[in-house]
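Below is one structure, written out as structure tokens, with a few remarks after it.
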Amino acid sequence: MEIHRYEKIWLAGALLLIVGFIATISYGAVGAGIEMVDDDGGQIEPNAISDHPKFSEPGTYKTGENEYDVYVVAYQFAFDPGTSDPIRVPANSEVTFHITSRDVVHGFEIVGTNANTMAIPGQVATITVEFGEPTEYGLLCHEYCGSAHHAMEGSIQVVPQSQWNESMVVN
Amino acid sequence: MAAEPESEEMPTSAGEGAGDGASIPDTESIDDEGYVIGSGRAGVVRQIDHDDFDPIGTLVLIAIYMAIVGAMWIFMYFVEFLGGDLTVIG
Amino acid sequence: MATFVDRYPDEAKVVQASFAVAFIALGIGAFFGLIQALHRTNILRVIDSVDYYTLLTAHGVLLALVFTIFFLVGVFTWAIAKGFERPLPDIRLTWAWFGLMTTGTVLTAVAILAGLVPEIPMSADVLYTFYAPLEAHPAFYIGLAMFIVGTWMAGADWFLAYRDWRGDNPDERIPLQPFMVLTTMIMWYVSTLGVAVAVVFFLIPWSLGLIETVNPLLTRTLFWYFGHPVVYFWLMPAYLLWYTVLPKLAGGRLFSDPLARVVFVLFVLLSTPVGIHHQYVDPGIAEGFKFIAMTNTMFLLLPSLLTAFTVVASVEHGARQRGGEGYLSWLGALPWRDPAFAGMALAGLMFAAGGFSGMVNAGMNINYLVHNTLWVPGHFHMTVGTAVALTMMAGTYWLLPQITGKTVYSRPIGLFQVVLWFIGMVFMSNAMHRGGLLGIPRRTAEPQYQNFDFAAAVGSVGEIRMQIAFGGLLLFLSVVFFLFNVAATWAEDRVDTPVDDTIPAPLSPPSGAPLILDNLALWTGIAVVLVVLAYTLPLASIVTDSGLLGSSPGFPVAISLEALAEAAASALPHVSLDAAAGLRPLDVAAEAAETLEVSR
């Protein structure tokens, strides 16, 4: 098959572009250490969340020196915690969010950041992020979940270490 | 200038019906070409065959595109994404 | 001079009917789009936010499925009859699939739009992706299934035409346009299997109460098994027009017939084993599967990048034949006053930009930045919303005369309309991309929140909203002009030669293409193997983890008033109830909350 030499040049350029994209993503995974949400969170019975040792009492759990787990249950149309009460985590800590849904598919986005995942009934999404200085983030559901989807929001308070106290953790 | 006889246009795979060779609109009736839909070929002033055509303009356009895409990709990945808050590390 | 309608009057009627359904869907869908653009930007709210999701479902289904696919079956029917130079084998079969598709469409549309009328106990506010366990009325799923089966029958119709043609022409190359139709349909058969299984085996029995529960991750994964190839199903009629019609409109000839075939074969192979790239941030799917989907997706860029070269080179050939010179000034020699040419060329230009945001979407970990934000609809309004929709509108100006025997009512209105679409989309889509980077979510009636504001580093959120609303308005006006022009054309009288419908021979003829490219069975086989490789393990692990039927019962889109009130009250912890009552969409809920508050 005859291919014009200019098109051969472009074919090579296109392949270079594709390989470059894959290389960039691989760098992000290996070099910058970005991990995808995957099947590590395991499964959960959506109708029996109250039987789960942690999701039955969602909130912030201390797991180590400056390490915390935050369990969040999404439902039509709120996050627990997050909506009625803000999620609280201490500043300069490493936090793993465990997110599930007790009804339909929801989204979990810490507004203006890369912390962004799905909440699918039956599945637990886990994402680990490092929080820095004290601040407050917005939280929203970014997957349509029903007629009041737009009201499903909340906040995350990154509390200064000096003000962090026992009442802010479940355990 | 009217199109030259389109002798090289044999019936082909591109799907034209039979006997269409003469159905080009009468170019005499087109006052100013471009004012009739589908009359692009009425403005042809020269026939360029396969061996006489090097799409250099296409190569230039596509090179510009590749440069833009490469630069935008680097901006999106390294500034917007990696430069953003809260990288997911686990 | 005879054109298509004179040679194939029966087929022309089917194409006309398909276009008519497509354009009705376009008009309704575009109107809903305008309401949404004004609503979510808080410029003008004429509907309740609860109804926003009804209109959004209708907008997605009517434009992304009905408009695009009815136009597709019209163009493909035209291409098959014209390309094989023979009528379809049995016009009753042709009308049968048209009837089935139309019936399915009406059923689905009724199920969706009934959601606007509280008296009718029927709703399907589940959006175009219908993720379970949000549950729609069974009529929604049944209508969709009929629609899909109708497209399968259409494919069968065209393959029967191919068989007849092959019987008479045992040694000829498949003509290019029918080749494109047949390869596209192979891709469609392979990919619709996923959605068919999801709908027929799970969602229909579940919505009818025959099975209690579904596995939401499974039905979602099966949806996306189909949900990415469907975008190529939209795109392939546009590619068909770009490869075979645009060069002619430009005054040139297709640069390379063999490469066009290679591109379509690549789409058959790579369109389906990529769907998991829509699930990069889904739990329950291992990262390795996501990485495989990404590499497949990245290589799927190749046929589109090759298309960019071949199509632009063909257009350049036209410009050179029309006297164009120089490295770039040849662009000025193109017939820009022809709306068919200008519309397709602008659609291609927009596709280049949409292609870039698609490259970002394809990148696995960068998906954290854009997933489910306004960036995503920004992207697909450039691709399906312009590359496809604008090409279809532009193509109509050249096709409609052939299938009706009538000249286009107004060329200037046509030109104005296609340019207006392009400008409107530049405003709307660019602003959507920027809004997405700020974290503004898609599919949300009121992306204005109590707990936080979106922070724009450049410009402002208000300015982004204005651009979206303004762009949406221009797009709607463009559709109004288009539909007027089409209707006025249809009302004209028949003429002998409504348009020049010849397609010149390619510069590089099909004889240069390896014979193996026409071996459709081989490519089907490889495509199936690739799909099996990409999907067996992820699907097996999803089923092993949560069971074939999962444990999610159906949930309505609206929950009880009490729960809604609770949501409203808890969502606004720092806001007085008076202020909450001022929020229109939640006023019912807020009132209820007030009552609850008083009763405590």
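In case you wondered, yes, glycine gets a Cβ from its N, Cα and C as well.
Bear in mind that TrEMBL entries carry predicted annotations, made automatically and left uncurated.
Taken from TrEMBL as is:
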- C:4-517: domain 'Cytochrome oxidase subunit I profile' (DOMAIN)
- C:17-38: transmembrane segment (TRANSMEM)
- C:58-81: transmembrane segment (TRANSMEM)
- C:93-118: transmembrane segment (TRANSMEM)
- C:181-204: transmembrane segment (TRANSMEM)
- C:224-246: transmembrane segment (TRANSMEM)
- C:258-278: transmembrane segment (TRANSMEM)
- C:298-319: transmembrane segment (TRANSMEM)
- C:340-360: transmembrane segment (TRANSMEM)
- C:380-400: transmembrane segment (TRANSMEM)
- C:412-432: transmembrane segment (TRANSMEM)
- C:468-488: transmembrane segment (TRANSMEM)
- C:520-543: transmembrane segment (TRANSMEM)
Other than its close neighbours in sequence, what residues sit by the transmembrane segment (C:520-543), given a CB gap under 8 Å and a spacing of at least six beyond its ends?
182-183, 186-187, 190, 215, 217-218, 221, 225, 265, 268-270, 272-274, 276, 284-286, 289, 292-293, 296
Averaged over the domain 'Cytochrome oxidase subunit I profile' (C:4-517), the pLDDT of the predicted model comes to 96
Tell me whether the transmembrane segment (C:380-400) sits in contact with the transmembrane segment (C:468-488), defined here as at least 3 Cβ pairs under 8 Å among residues 6 or more apart in sequence.
yes
For the transmembrane segment (C:224-246), I need the partner stretch with the highest count of C-beta pairs below 8 angstroms, choosing only from C:58-81, C:258-278, C:340-360, C:412-432.
C:258-278
Proximity of the transmembrane segment (C:58-81) to the transmembrane segment (C:412-432), 3+ C-beta pairs under 8 angstroms
no
Take the C-beta pairs under 8 A between the transmembrane segment (C:340-360) and each of C:93-118, C:298-319, C:412-432. Which stretch has the highest count?
C:412-432
Looking only at residues six or more beyond either end of the transmembrane segment (C:412-432), which have a C-beta under 8 A from one in the stretch?
37, 337-340, 342-343, 346-347, 349-350, 354, 374-375, 377-379, 381-382, 385-386, 389-390, 393-394, 397, 464-465, 467-468, 470-475, 477-479, 481-482, 484-485
Outside the transmembrane segment (C:468-488), at least 6 residues beyond either end, the same-chain residues with a Cβ under 8 Å of its Cβ set are 23, 26-27, 30-31, 33-34, 36-38, 40-41, 43, 393, 396-397, 400, 408-410, 413-414, 416-418, 420-421, 423-429, 431-432, 435
